[in-house]
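The structure under discussion appears below in the form of structure tokens.
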Amino acid sequence: MTLWINGDWVTGQGALRVKRNPVSGEVLWQGNDADAAQVGQACRAARAAFPRWARLSFGDRQVRVERFAGLLESNKAELTAIIARETGKPRWEAATEVTAMINKIAISIKAYHVRTGEQRSEMPDGAASLRHRPHGVLAVFGPYNFPGHLPNGHIVPALLAGNTIIFKPSELTPWSGEAVMRLWQQAGLPPGVLNLVQGGRETGQALSALEDLDGLLFTGSANTGYQLHRQLSGQPEKILALEMGGNNPLIIDEAADIDAAVHLTIQSAFVTAGQRCTCARRLLLKSGAQGDAFLARLVAVSQRLTPGRWDDEPQPFIGGLISEQAAQQVVTAWQQLETMGGRTLLAPRLLQAGTSLLTPGIIEMTGVTGVPDEEVFGPLLRVWRYDNFDEAIRMANNTRFGLSCGLVSPEREKFDQLLLEARAGIVNWNKPLTGAASTAPFGGIGASGNHRPSGWYAADYCAWPMASLESDSLTLPATLNPGLDFSDEVVR
């Protein structure tokens, strides 16, 4: 029984799904997808639970969420192993994900009060008040790269605001989704407040097509996000929050410490085997001898990166990709770039057939035209050289995406220029592109999305503002507008 609907664990009525470790092939989880009828059942359960959940005090909802945080802490080792085994990422990185889940809860509580709490302004004849109200029933679609942390970036603020939820994890990480849901169950959520439906495309389409949804919160690829946007077009009554991918530029303008700049670049491009939406996909490197030296050092250090199993000792920097298919897609993308005229500096290699262990790749594309503006979700870095900083900014902005952007330079003036001209939601200076503060908004513009999940601004799309003018009594104004006559004399 792998679906949680209305407080009960039930068996899916859809197709059988089997999840294997992407490196060893070990069977980790199996269960049946939710069919359309079960998706509808989950929605009805969420709708029935909504009035009572929304009417609880914020403190009562907070108690449950903080209880969940405590369960994350006490089950950290077990959840770390589940996430690592299912995604293929190393144990150390999965542990940081669980820690982020825990830390984000206190931040979400504070964000609710600061961004969507209550305000009151006294007026001579009463008061003006601002309150926030939950939308109702929300669908949450989770990604596979951070199957615990990123869905919770939607779920926690949505629950705090008083919404009820239908959660569909990625079909590639059903085990992590179930493990997190069992902790929510232990936290004492009332039946129907949070429901779990497992499945792939058919389940997702059934969920997004529900008429009784009040909104949909999504983290994932731009292609799927665009499909959801089209599906919900013409329905302004539904909130749609999209956090999608990026074709992110990292500008290396000048680096006094080449090794430090190489370290920053590797952290930006290859951490999580390149499976972060903020990863650097495009390296924009200043022409000249220093750029040549940097590039040679980057290739030399990157070729030492050997992906390993989740529990290898010593621990590897990167593990496998989410699947063998995902790894092969990166190799195919590299081969296509070579065919277009790219010059391979470091070829990505599948270490073992039937696994997702893929070494990083670096390819120079300077002078090549017609390069697709797409996100290759893996450890593949494309390099372009530029002559001046204005050209670098133009190249950085030459994308339909707008998630993250970074600059390596000792010059504050150049960073100030980038802040003014960059089209990206995250702009870092001498910091990895993959670094983001949990107390800051997370997200981008253009094809990268429309709202800011998993952090400070998530509260904004989980509740709607209600403005009120209030007075505890009603009296006739001392001064009336022209044309109004409330005298006792009857005019005939």
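The backbone N, Cα and C atoms fix where each Cβ goes, and this holds for glycine too.
Note that the structure is a prediction, hence the values are computed from the model and not measured.
If you look up Swiss-Prot, you'll see GLU243 (among others) marked as active site, on the strength of sequence analysis. The number of other CB atoms found within 10 A of the CB of GLU243 (active site), across every protein chain shown, is 27.
The annotation active site is assigned in Swiss-Prot to CYS277 (among others) on the grounds of sequence analysis. Of all the Cβ atoms in the protein chains shown, 28 others lie within 10 Å of the Cβ of CYS277 (active site).
Per Swiss-Prot, the feature NAD(+) binding site maps to GLY220, SER221, ALA222, ASN223, THR224, GLY225; the stated evidence is sequence analysis. GLY225 (NAD(+) binding site) counts 22 other C-beta atoms within 10 Å of its own C-beta, drawing on all protein chains shown.
For the binding-site residues ASN223, THR224, the greatest number of Cβ atoms within 10 Å around a candidate Cβ is found at THR224. Taking the C-alpha positions, the distance from ASN223 (NAD(+) binding site) to CYS277 (active site) comes to 13 Å. Compute the center of the Cβ atoms of GLY220, SER221, ALA222, ASN223, THR224, GLY225, which mark the site for NAD(+); besides them, the chain residues with Cβ within 8 Å of that center are PHE218, TYR226, GLN227, MET244, GLY245.
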